[in-house]
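Everything below concerns the one structure shown next.
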Amino acid sequence: MSDGRTYVESPIIMATVRLVAPFVLTYGLFITLHGASSPGGGFQGGVIVASVIVMLSFAYGIDPTWEWLDKRVLVGITSGGIAVFAALALGPILLGTGGDFLELGSYPVIPNPWKYGIELVEVGIAMTVAGVVIVLFFQLARGAMPPGGSPYAKPSAQRVPSRSRGEAAQPGTESADQSGDETADQTGHEVSDEPVDRTDTPTDADSSATDSGRSTPVDDGSDRPSPADEGDDRR
Amino acid sequence: MITLLEAGLLVFIVLSALMTAILRDVLAAIIVFGAYSLGMAVLWIVLRAPDVGLTEAAVGAGIMTVLLLVSIARTTRLTGIELRPVEINWGVAALCGLFVLAILATVPALPDMGQTVGNPVFGEIYNHYVTMAYEQTHVENVVTAILVAYRGFDTLGEATVVFTAGVAVLTVLRREVDA
Amino acid sequence: MMELLTTHYNYVVFAVLLGIGLYMIIDDENLVKKVIGLNVFQTGIFLFFITISVRDGGLPAVGKGSESAYVNPLPHVLILTAIVVGVSLTALALALVVRIHEEYGSIREDVVVEVLEDE
């Protein structure tokens, strides 16, 4: 696309990146996992891992790299990181061992629960940071493309729904009924006589339906299942 | 006492910050800002904050520069680097000078650098963290122990902020197809 | 005065960096440079936090807690997280700049204001 203006294929850069990338990735993982015993941790490690992708996209072009990336994996690690952290934080309460929120030391069975709990939290942080940095990079690099010349609109717009659904459902148990509500609202928003059958308190459903319709137009677009998305986005 | 390394770094940092402000060309400013971040990263190491230095090098000098570059790549017509300075608005400069003076006025009240006496930062909490962190969490790196264990709630919120920023950027740059 | 400078030099640099950052935020017409100014301001504050955590002969706080001459790790934690939040916020600001460019065709504040006045 318009990428040809800025992207110059260079065999030197490509070869160098191919050589260096695995080492950088390993270093990022090392920084993440060794954060408990030496300087480092999830934030730094995550950024270094993300920089591997940034490097690849400099060598092989931003658009091809974006096409090559599996967006589901990207969304999976981004929201999965938060989910891991939240789950580990809630774990001590849910297990009923008398631990408080985030009291990682109260996990039973695991040897040295504080240390390995902290390591796991670091991994979660690294996942989120890496995912977000990759997303930020590609969005900023591709976002300013002239309207009409946007190759990303079609393939990724269809993946958005499954993506945001996964996010809504993942973080912990308490949000499960909330996301259920949301989908009910959405169908209610589109088909007007549905919510009365579905929910036992029509007034509540009504108010929240208008709320979601008014305040979150973006949600509205991205949360719909993909077949409906096709027709709607084109309009 | 100030060491030569520290003095050199501080001069480098101030000069590169000034150049970032003065250069009219955005690309040049971003490059100088990358150098500024790298200088900062080295300064953090010199000030014995390796965790912060590592973060600054990876985030400030690395990712931040890349993000700035890609965002100007398509918004600015890039025709080589020119080194023209901006016209300095002396009114605003004087205002900022006043601001600096106001902050400098508070500097004598701050504790001497490197001294623990009279420095409220080195209080009971410091002693607790430094002496108890390994015993309580079995993690050698006290920074990690505080980050995840003692201030875990903070960090959870923080990871959420990062996540939210990603979602917000997706929202802002979401393209209306055929709009 | 000289004595103050030798014991507080980092704080002076901190004040100067805040001034430079503030100048860029207020006066620069280029929105991307405004964002850079925001970052310069921010790193100035980081310098303050890290400086206050230093102690003479202190070591980085990595170890089993036997020695007592560690630098203070708490400001490090605060700044560590602040840097990461800072880059996220910068990215959001840049996204808004990119968006502004899409709407108004410029990333210069004066041009954007002109376009807005014409409408």
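Quick reminder: no glycine exception, Cβ is built from N, Cα and C everywhere.
What TrEMBL records for A:12-31 (among others) is transmembrane segment. Within its own chain, the transmembrane segment (A:12-31) has Cβ neighbours under 8 Å at 40-41, 44-49, 51-52, 55-56, 58-60, 126, 130, counting only residues six or more beyond its boundaries.
For A:12-134, the entry in TrEMBL reads domain 'Na+/H+ antiporter MnhB subunit-related protein'. On the 0 to 100 pLDDT scale, the domain 'Na+/H+ antiporter MnhB subunit-related protein' (A:12-134) averages 88 in the predicted structure.
Here TrEMBL flags A:43-62 (among others) as transmembrane segment.
If you look up TrEMBL, you'll see A:74-96 (among others) marked as transmembrane segment.
What TrEMBL lists as transmembrane segment is A:116-138 (among others).
Residues or ranges marked as region 'Disordered' by TrEMBL: A:148-235.
Among the features that TrEMBL reports, compositional bias 'Basic and acidic residues' is placed at A:187-201 (among others).
Per TrEMBL, compositional bias 'Low complexity' is recorded for A:202-216.
Residues or ranges marked as compositional bias 'Basic and acidic residues' in TrEMBL: A:221-235 (among others).
Counted with DSSP, the domain 'Na+/H+ antiporter MnhB subunit-related protein' (A:12-134) comes out as 97 helix, 0 strand, 26 coil. Listed as Cβ neighbours of the transmembrane segment (A:43-62) (distance under 8 Å, sequence separation of 6 or more from its ends, same chain) are residues 3, 7, 9-10, 13-14, 16-18, 20-21, 24-25, 27-33, 35, 69, 122, 125-131, 133-134, 137-138, 141-142.
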